[in-house]
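**Q** Below are the features listed in Swiss-Prot for this protein:
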BINDING   CYS27, CYS202, HIS227, GLU231  Zn(2+) binding site
BINDING   LYS262  ATP binding site
MOTIF     29-39  motif ''HIGH' region'
MOTIF     259-263  motif ''KMSKS' region'
Amino acid sequence: MVFFDSVLKKKCEFIPHEAKKANIYLCGPTVYDDAHLGHARSSVCFDFLRRVLLASGYEVVFARNYTDIDDKILKKMQESGKSLKEITNFYIKRYEEDMQALNILEPDFKPKATAYIEQMITYIEKLLELNLAYKLEDGIYFDTSKDDKYFYISKRNLEDNQSRLEESVAKKNDSDFVLWKFDEKFYPASFGKGRPGWHTECVVMIESIFKDKLDIHAGGIDLLFPHHENEACQCRCKNNHELANFWLHNGFVQINGEKMSKSLGNSFFLKDSLKLFNGEVLRFYLLSVHYRAHFNYALEDLQAAKKRLDKFYRLKKRLNLNAFIDEKTIIESKVSQNILDVLNDDLNASKALALLDEFINESNIYLDQNPKDKAYKIQLEKTLKELSFIFGIGFIDTIKYFQFGISEEKCQEIEEKITLRNKAKQEKNYVLADQIRDDLAKENILLMDTPNGVVWEKNG
């Protein structure tokens, strides 16, 4: 199993601290607003990584944090008149709803920064004791001149990154960063009341959960500098070892070729996409581009991803399979193992999805020729369950999948028309029955007569 290490800039064999055990930390959201597509991509990419490791026989401990104290949250407090907890709890709940829609496995740890304040204070006290930090009027800062390997993680240079550095005229070095911001409204500490800086929040949560055994630190490429650089700097100088064995980063999400960002005004919320397509379609779409590549969002590509996922559900429907349960599955089929082998090369999702397409097509051809082969159908069901777990798809009831986007009121109206059609057929009024079917077809509602009754689905 190899992954592209963002620090070494090459593919490296994955060697964890302990054999067949992977400890992963993913930088989560700052909870002051709803999740956007950038959050979705990072979550899907590294949930996929987690699934591949689990399917490959690894024990995985996965942590994804919440930054629940931050300048953006404080600004939201001022604008809304709500408390810190009211805002953060509200957006955490909404974020987790979005993650469930995307079939993101529940993290083993979901640390909130505010739950680790005491550990952060102790951490900063140690940095001061080691003369790695210093005090200014507005807070405590890390002295980056004490780190001979600063810029090791990001491979950046100071001249190219001035715009991303924290401003303070009194800093010893331009690259120095804040560990603690003085503020009388917040937490008491030996060095003065205040609140922690973002970079200290994450490194303390990582060390509290994983000690010195973090195998993979993951996140969006936009976090590489200064956030991940500054996390690593603190750990390296305080503990004399690197924060993580591997650094994995996913590429930007772009809208019409431009990086998605609120400052450019081209950012939109995940919930907006989930109104148009179910979460599995969006997940499948996000997996279609290699995690390290930049992802250009386009509605026509999302629609193409739906048609591709439809084929998976059509095969499930052909076998009369119910919604699968999302649980770890032992990989036994040759098809699943071949796909895993491809994914073990830096999560080569595009090649893996091509193999999935090929498998679905071949399965349909075989079933056309051998419709009564029960042994094949049993094995096919098992393989589909394995693939569902690996890709994180197939957990929606098949009928509901093809009815997505139809309101409850409209569903009731359709069912009433089906009842009228059934009555018309019983009375041998086939003209009326056909008229009802054709009228629904004009509304992109397709009726299908099956041995178990009439089923319907949305066309397109």
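We count from 1, first residue shown onward.
Placed from the backbone N, Cα and C atoms, the Cβ positions cover glycine too.
Looking at the shown structure, can you explain where the listed features end up?
**A** Listed in sequence order, CYS27, TRP198, HIS199, CYS202, GLY219 are the same-chain residues at least 6 apart in sequence whose CB falls under 8 Å from the CB of HIS227 (Zn(2+) binding site). In the three-state DSSP assignment, the secondary structure recorded for HIS227 (Zn(2+) binding site) is helix.
Among residues of the same chain six or more beyond the motif ''HIGH' region' (29-39), those with a C-beta under 8 A of the stretch's C-beta atoms are 66-68, 70, 72-73, 75-76, 87-88, 91-92, 94-95, 98, 220, 222, 252-253, 260, 262, 267-271, 273, 297.
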**Q** Given a separation of at least six residues and a C-beta threshold under 8 Å, show me what packs close to GLU231 (Zn(2+) binding site) in the same chain.
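**A** Spatial neighbours, sequence-distant, of GLU231 (Zn(2+) binding site): HIS199, CYS202, VAL203, ILE206, HIS217, LEU243.
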**Q** Would you list the DSSP helix, strand and coil counts for the residues of the motif ''HIGH' region' (29-39)?
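**A** Summed over the motif ''HIGH' region' (29-39), the classes give 3 helix, 2 strand, 6 coil.
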**Q** Fewest other Cβ atoms within 10 Å: which of the binding-site residues CYS27, CYS202 wins that one? Let me know.
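**A** Relative to the other binding-site residues in CYS27, CYS202, CYS27 has the fewest Cβ atoms within 10 Å.
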